[in-house]
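Copied over from TrEMBL, here are the features:
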DOMAIN    B:18-75  domain 'V-ATPase proteolipid subunit C-like'
TRANSMEM  B:18-36  transmembrane segment
TRANSMEM  B:57-77  transmembrane segment
SITE      B:64  site 'Reversibly protonated during proton transport'
């Protein structure tokens, strides 16, 4: 008598979720640093608000691009 | 008599949980940096509170979006 | 007679635990940054205490929400 009782792993999901999660760590911190320092700059010189905001949005776009690339790459890498 | 009793790993769950967890690290730190610096900015120039708060909320929205994208991506990536 | 008794590894658990653990890293640091900077701001300008405290609580709520979302998401993602 041999009782083979194989309860295998039941992990669902796609590794792309982990990939995007890792790709979002850096931009999350980076956007925080940009807007945190931008808020300090606004308090230091409120009359330069337009210049400060434009620079913030520029840096935000560059940071966000990293996360968005991580979002689409799981569709690009071959999976089979 | 040979009693083969293989109790294999019984890990349940979805990789999306890990994906969201990773995607929440960066925005968690980033929102902290934004509001931490915003609080410092409020103490430096309390009369610019409206400008400071608007900038905080703008940065918060950009950071939070990264985490919310990580929340929905496990439903987007193919799982079978 | 050959008694084969293979007791394999018995790793139990749910990936949701890892997911929440990861989701709590960022807000943990972020809330620390908010209240750390808030304490400095209070020392810089104690008469703005109401404004500073309101801003701290606002940022705390936004950070904490990220961890709480990570707490409930393992129930949302499909596991079978």
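The backbone N, Cα and C atoms fix where each Cβ goes, glycine too.
TrEMBL annotations: computationally assigned, not manually curated.
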Within-chain partners of the transmembrane segment (B:18-36) [C-beta distance under 8 Å, separation at least 6 from its ends]:
56, 59-60, 63-64, 66-67, 69-71, 73-74
Report, as a single number, how many Cβ atoms besides its own are within 10 Å of the Cβ of residue B:64 (site 'Reversibly protonated during proton transport').
19
Just give the helix, strand and coil counts over the domain 'V-ATPase proteolipid subunit C-like' (B:18-75), going by DSSP.
56 helix, 0 strand, 2 coil
Tell me, what is the mean pLDDT of the domain 'V-ATPase proteolipid subunit C-like' (B:18-75)?
95
